[in-house]
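Participant: These came from TrEMBL, pasted as-is:
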{"type": "DOMAIN", "residues": "17-418", "note": "domain 'Major facilitator superfamily (MFS) profile'"}
{"type": "TRANSMEM", "residues": "20-42", "note": "transmembrane segment"}
{"type": "TRANSMEM", "residues": "54-77", "note": "transmembrane segment"}
{"type": "TRANSMEM", "residues": "89-107", "note": "transmembrane segment"}
{"type": "TRANSMEM", "residues": "113-133", "note": "transmembrane segment"}
{"type": "TRANSMEM", "residues": "154-177", "note": "transmembrane segment"}
{"type": "TRANSMEM", "residues": "189-208", "note": "transmembrane segment"}
{"type": "TRANSMEM", "residues": "229-251", "note": "transmembrane segment"}
{"type": "TRANSMEM", "residues": "271-292", "note": "transmembrane segment"}
{"type": "TRANSMEM", "residues": "299-320", "note": "transmembrane segment"}
{"type": "TRANSMEM", "residues": "332-353", "note": "transmembrane segment"}
{"type": "TRANSMEM", "residues": "365-385", "note": "transmembrane segment"}
{"type": "TRANSMEM", "residues": "397-414", "note": "transmembrane segment"}
Amino acid sequence: MARHRRGGGAMTVRGPVVLAVLAGSALEFYDFVAYAFFAPFIGRAFFPSADPTASLLGALAVFAVGFVARPVGGLWFGRYADRAGRRPAMLLSMAIIGVATVAIAVLPTHAQIGVAAPVLLVLLRLVQGLCFGGEVGPASAYLWEAAPVHRRGLYCASLFASQGAAVALAGVVGALVAAWLSDADMQRFGWRIPFLIGALAAPLVLMLRSRMSESMPAAGDSARGRGAPVRAGVVVSLTLVVLGGTVANYICSYLPTFASVQLKLSTLSAMTAAIQVGLLTLVFGLLGGWLSDRGHRRAVLLGSRLACGVAAVPLFLWLVDEPTTGKLIVTAAVLAATNALNGGAMFSLLPAAFGAGNRAVSISLVYAMGVALFGGSTQYVVAWLGKATASPMAPAVYLLATSAIAFVALLRVAGSGRSDEVRGEAA
């Protein structure tokens, strides 16, 4: 594919190349969100119990297990991407993800093979976690290096926005399945449909990525230089920034399960809210990146994180007082929009902090640690807290606390707002 380097190390690429990067990110998030949306059915299939909450907790524990492997995958795939190139790393991770997704789609249940079913489910989620941990770093580095300097924020924000598209797609699939199938059919085979769709999409993503050119500067190129060593303080602060975004992200993704299990709203209502979350994440994520390119990154990061955290408690108090589909949609809209603004800006903050020689592995580790330590356990934690306290306010309190931590971390690293500046950056 034709390409050429521009001043500052950027290169001109065609639209299908960017699409190939975004499609992989979207497929990754689609798979994880689909699991979260269908967690009540997966829980009963693999962790049968007389207590529906116990089955749900079993499914959410497996959801969290998949994140444990992310830092390991981030380290391996990130280092591979910094040595061999972004393209081969993204091809390898997507190939393995596709195989694991197919396996989950056809995996026998506990009723069919007993305890081997949840064991195999855990192993497959670990394999997926390894590959997902290695996806964000190389993809973010690729988009940063491929973008014109004045559009780096928008390009990198599109990676976050693709997650919104994935949420919307998972919500559409969930709504259609819920509308067409009875609860009995959903339990028997309906929960497999989203994973089969993901499995069918994987070969298409691989084909698109095989046609990509390499974005990493060639050996000997001055843009390839590693720069100063990565500072531990920057890594810790950025991980805490990711903490706020990923907890909010997965609480938004958890809302359909929360609505159906805790609030007793219909599955169709829950999936409608999920579609809205996805679409708002797509739109406001891109807006956050666009504003970053215009010098407003610091204001967007701080303002949106503060707004998301502060709004959570009154919104949930209003929602749980007398649950309705309308209240659910409004709550989801406010949280999704404010968090997406933050996420779009954050995805330009991360690659700006590191030099080309260690960019992929550094982003991978920062993002994977934030997601593994906090994001992956979010849904389990809020479900457990809700059961332990008999209060439906657990998601709001957890979101407020983690947003406060992320806000303080942002004060350290947000810089003045330009897309190429991070306070304390390494390169």
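Using N, Cα and C of the backbone, Cβ positions are placed for all residues, glycine too.
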Participant: So which residues does the transmembrane segment (365-385) touch in its own chain, when a touch means Cβ under 8 Å and the partner is 6 or more beyond its ends?
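Facilitator: For the transmembrane segment (365-385), the nonlocal Cβ contacts are 36, 39, 53, 56-57, 60-61, 63-71, 73-75, 78, 133, 136-137, 140, 235, 238-243, 245-247, 249-251, 253-254, 257-258, 350, 391, 394-395, 397-398, 402.
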Participant: Averaged over the whole of the domain 'Major facilitator superfamily (MFS) profile' (17-418), what is the pLDDT?
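Facilitator: The predicted confidence over the domain 'Major facilitator superfamily (MFS) profile' (17-418), as a mean pLDDT, is 86.
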Participant: Quick one: do the transmembrane segment (299-320) and the transmembrane segment (154-177) have at least 3 Cβ pairs under 8 Å, skipping pairs fewer than 6 apart in sequence?
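Facilitator: Per Cβ check, the transmembrane segment (299-320) does not touch the transmembrane segment (154-177).
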Participant: Other than its close neighbours in sequence, what residues sit by the transmembrane segment (54-77), given a CB gap under 8 Å and a spacing of at least six beyond its ends?
Facilitator: 32, 35-36, 39-40, 42-44, 46-48, 89, 92-93, 118, 121-122, 125-138, 257, 261, 360-361, 364-365, 367-369, 371-372, 375-377, 379-380, 383-384, 387
Participant: Top stretch among 113-133, 154-177, 189-208, 332-353 for CB pairs under 8 A with the transmembrane segment (271-292)?
Facilitator: 154-177
Participant: Check the transmembrane segment (189-208) against the transmembrane segment (89-107) for contact, please; criterion is three or more CB pairs under 8 Å, pairs 6 or more apart in sequence.
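Facilitator: Yes, these stretches are in contact.
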Participant: Before we move on, state whether the transmembrane segment (154-177) and the transmembrane segment (332-353) share at least 3 Cβ pairs under 8 Å, counting only pairs 6 or more apart in sequence.
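Facilitator: Answer yes, regions in contact.
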Participant: Would you say the transmembrane segment (89-107) and the transmembrane segment (229-251) are touching, if the rule is that at least three C-beta pairs must lie under 8 angstroms and be 6 or more residues apart?
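Facilitator: These two segments do not touch.
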Participant: Near the transmembrane segment (89-107), which same-chain residues lie under 8 Å Cβ to Cβ, leaving out any that are not at least 6 residues past its ends?
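Facilitator: Same-chain contacts beyond the ends: 21, 24, 27-28, 31, 73, 77-78, 80-81, 117, 120-121, 124-125, 127-128, 130-132, 134-135, 138-139, 142, 192, 195-196, 198-199, 202-203, 205-206, 209-210, 212, 360.
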